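As recorded in TrEMBL:
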type	residues	note
DOMAIN	505-555	domain 'Cationic amino acid transporter C-terminal'
REGION	559-587	region 'Disordered'
TRANSMEM	62-81	transmembrane segment
TRANSMEM	93-115	transmembrane segment
TRANSMEM	127-147	transmembrane segment
TRANSMEM	159-177	transmembrane segment
TRANSMEM	189-206	transmembrane segment
TRANSMEM	213-234	transmembrane segment
TRANSMEM	254-276	transmembrane segment
TRANSMEM	297-321	transmembrane segment
TRANSMEM	341-361	transmembrane segment
TRANSMEM	388-406	transmembrane segment
TRANSMEM	473-492	transmembrane segment
TRANSMEM	504-526	transmembrane segment
Amino acid sequence: MEISGYVPHGPSSFSSFRAYLRALAQTPARLARRAGSVSTSYDEMSGVRARSGSDMQKTLRWFDLVGLGVGGMVGAGVFVTTGHASRLYAGPAIVISYAIAGLCALLSAFCYTEFAVDMPVAGGAFSYLRVTFGEFAAFLTGANLVMDYVMSNAAVSRGFTAYLGTAIGVPAAKWRFTLSALPDGFNQIDVVAVVVVLTITLIICYSTRESSVLNMVLTAVHIIFIMFMIILGFCRGDWKNFTEPADPAHPAGFFPNGVSGVFNGASMVYLSYIGYDAVSTMAEEVKNPVKDIPIGVSGSVLLVTVLYCLMAASMSMLLPYDLIDPEAPFPAAFRGKWESNLIGAGASFGILTSLLVAMLGQARYMCVLGRSSVVPAWFARVHPKTTTPVNASAFLGILTAAIALFTDLNVLLNLVSIGTLFVFYMVANAVIFRRYVVVGTTNPWPTLSFLCSFSLTSIIFSFIWQFMPPGKLRAFMLCVTAAIAISMLQIFHCMVPQVRKPEFWGVPLMPWLPSISIFLNIFLLGSLDRPSYVRFGVFSAVAVLVYVFYSVHASFDAEGSGSLSQKNGEIHKESAQEESNDPRLAV
């Protein structure tokens, strides 16, 4: 698919140093051509997928997806982030923090499900944004997604060391050793975390089906431990711990740090919901996407939200919030009892399942980035015997292990949360854009204007919430801002017609639910601290540099060789016809 006047350019931009310099000289023109270029559902499911060579085998059903979702989320969230969020921010109201984060995740899950049913490919959010906002937005999102997975997996693997130590009665400090030459936060060397990550890497390289079976077994064992812990917490706990700290000098009440503490806690525990995003990347390996994906994605989020809230309530009943151990909150609640070791063992199983699922997801994201030529095509290879993306799995597994070796948990958590919220925010925007705009036939500006205005209003609301002192003026400003946002949403709903109607599954109450998701993601982003934004900005800047100096030239070469299409501001009749003939892509 070529636009008029374009002639394939011949030699690769990377064939020699001189060729690369010539390519750099053409960077502005190439950016103009490729950055906004959009793909189609048909392209993503045919030509782009074919670049992997062998196909991924369709072996998964809805119960596999639910198992992967539960296994992926529960271990990462409750057993790593709950202690930090409760002790530092929310206190006993961590239960509400999980409910808020769960609502936000469910709305985002609806957005993911609409895309995944219509376009069952392994690219997840990267592919969804590539067919809506173009290559650059998709690359920036994909880079953040891969970073999220690598960082969260490194964090969770270090959490495994702490829980394993609790299970066998050996403190985590004795499993690690310190290198004084390295700065604080990077000087605690964790060899156990490295061994765990590399072992799981070998498993996911071998087979997706066997990985799913292993996940189901580990998750079943893990759920037994969870139910034991919930029942024990409610039986042995004390309701006064919901309102009374151990130290009278600390703030008391169910909301010791106010409502802002609850939202700060929600933004931190949102890391726990990254697991359902991994489920969406398995869409290419699902037997019946239309039926299985909605049940698998949304069902796992709902089930996990209930489990999270019950577990958080159980922990809060067992200990006052100011006695909770940030590193291993649940075993510490039973310190000195045999249950502590048992729960440590159960948590270790949960962390293993979350690592397994997340590492499956990160490899598939990298595989699709390779298919799209924004990273080397070597990452796109699917092994013909194992039908898994072996190159992406091995590379990211080694990278995760390297980070887990020396990086402290506190350094990782907020960086992961901000990246996750950004990606979910982008997907919510994309599902609205795709419903109301067909590139080349529909004027996109009314939809883009609404999305930008609604996002700006949400940002203003978040700033008022965070920085204005409590009082009548603050309440008035919040009400006015909320009224403006609701008015804009209603006007857009009445004035701009939808141009796509999903045939199989679509987000209900469009555009209200995706817009609420946009608002919640921005609001939670506003709850994060300044260092998180600094790290996120630095990483995004690095991603932009990679795109400018490598990705745009690689994708330009791929377009010249016929591997990629260029569709920017016009719609191609042959592509539209192909999509209309494919019932999977009907809109």
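Cβ atoms are placed via backbone N, Cα and C, with glycine included.
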Which residues, given as numbers and ranges, are at least 6 beyond the ends of the transmembrane segment (93-115) yet have a Cβ under 8 Å from it?
77, 82, 85-86, 124-125, 127-128, 254-256, 261-263, 265-270, 272-273, 276-277, 280, 293-294, 297-298, 301-302, 304-305, 308-309, 312-313, 315-316, 321, 424, 427-428, 430-431, 434, 502, 505-508, 513-514, 516-517, 520-521, 524
Long-range environment of the transmembrane segment (213-234) - Cβ separation under 8 angstroms, sequence gap at least 6:
64, 67-68, 70-71, 74-75, 203, 307, 310-311, 313-315, 317-318, 330, 333-334, 339, 342-343, 345-347, 349-350, 352-353, 356-357
Relative to the transmembrane segment (297-321), which of 189-206, 254-276, 341-361, 388-406 accounts for the most Cβ pairs at distances under 8 Å?
254-276
Using a Cβ distance cut-off of under 8 Å, indicate which of 127-147, 254-276, 341-361, 388-406, 473-492 has the most pairs with the transmembrane segment (189-206).
388-406
Long-range neighbours of the transmembrane segment (254-276), counting only residues six or more past its ends (CB under 8 A):
68-74, 76-78, 80-82, 84-86, 89-94, 96-98, 100-102, 104-105, 109, 112, 148-149, 152, 155, 242-243, 245, 297, 300-301, 304, 308, 321, 354, 357-358, 413-414, 416-417, 420-421, 465-466, 523-525, 527-528
With Cβ-Cβ distances below 8 Å as the criterion, list the same-chain residues six or more beyond the ends of the transmembrane segment (127-147) that contact it, or say none.
31, 34-41, 44, 112, 115, 119, 121, 277, 362, 365-366, 368-369, 372, 374, 396, 415, 419, 422-423, 426-427, 429-431, 433-434, 437, 539-540, 543-544, 546-547, 551-552, 555, 568
Mean predicted confidence [pLDDT] for the domain 'Cationic amino acid transporter C-terminal' (505-555):
88
Where DSSP helix means H, G or I and strand means E or B, what are the helix, strand and coil counts for the domain 'Cationic amino acid transporter C-terminal' (505-555)?
40 helix, 0 strand, 11 coil
